[in-house]
């Protein structure tokens, strides 16, 4: 294999180019015959009935007073206008039928142009269908055709992009922080020990200390030694000196 594959289907139809129909186009004999036929049929089968119907409706509206007549010419201007509108409406309504007549002509450039234009307008469904078949053929054939470059690409490791933060440092990833891992806080370890003393224990402790201080005040035997030892009487001379007897 040369690395290239022909994805064109063997039974695929090659679209023919649309013939250019310009102002200098000379119609064929068949096309002239169809033109004359369309002109006659559109006149007798569409224009005349619509023109006559429009004139009758207009005359009826004038006679009922819905439409006013001309003071000098009466209803003639409105009837002529209704006839002209019916004539052109009949011609326009026959255009689609005349196009179908040209499409049925085999060796007609004008008919081929009309058929190609209709195929172009209705091409999206077929276009997507052919495109899906083309994609399936590409995927089916590319599975058998491999190149060294494709093998090297498959052997390369796949890396996932790391998201970067939009903070002060743009080059730092969002998952990385600058803080240092610290050890356990000693205050956190001591806090549970302090919380072991309950309110009841503290209350009992305060009550015991209060009772001890109260007994020391009331019981003379518990008083300190310097309070129980009586003071010695000393004599003082006129100069303020003391002596024992």
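Backbone N, Cα and C atoms are what each Cβ position is placed from, and that goes for glycine too.
Here Swiss-Prot flags 1-112 as domain 'OCIA'.
Neighbour list (residue 108 (phosphoserine), Cβ cut-off 8 Å, at least 6 residues apart, same chain): 28, 30, 31, 102. Reduced to three states, the DSSP call for residue 108 (phosphoserine) is coil. Positions annotated as phosphoserine by Swiss-Prot, on the basis of similarity to another entry: 108 (among others).
Among the features that Swiss-Prot reports, region 'Disordered' is placed at 111-142 (among others).
Annotation comment: Swiss-Prot describes 116 (among others) as phosphoserine, evidence class similarity to another entry. With a 10 A radius on its CB, residue 116 (phosphoserine) counts 15 other CB atoms from all the protein chains. Residue 116 (phosphoserine) falls within a helical segment according to DSSP.
According to Swiss-Prot, the phosphoserine annotation covers 123 (among others), on the basis of similarity to another entry.
If you look up Swiss-Prot, you'll see 164-174 marked as compositional bias 'Polar residues'.
Sequence annotations record features per position, and here Swiss-Prot assigns region 'Disordered' to 164-245 (among others).
Among the features that Swiss-Prot reports, compositional bias 'Basic and acidic residues' is placed at 190-210 (among others).
What Swiss-Prot lists as phosphoserine is 191 (among others), and the listing cites similarity to another entry.
Feature annotation from Swiss-Prot assigns compositional bias 'Basic and acidic residues' to 224-238 (among others).
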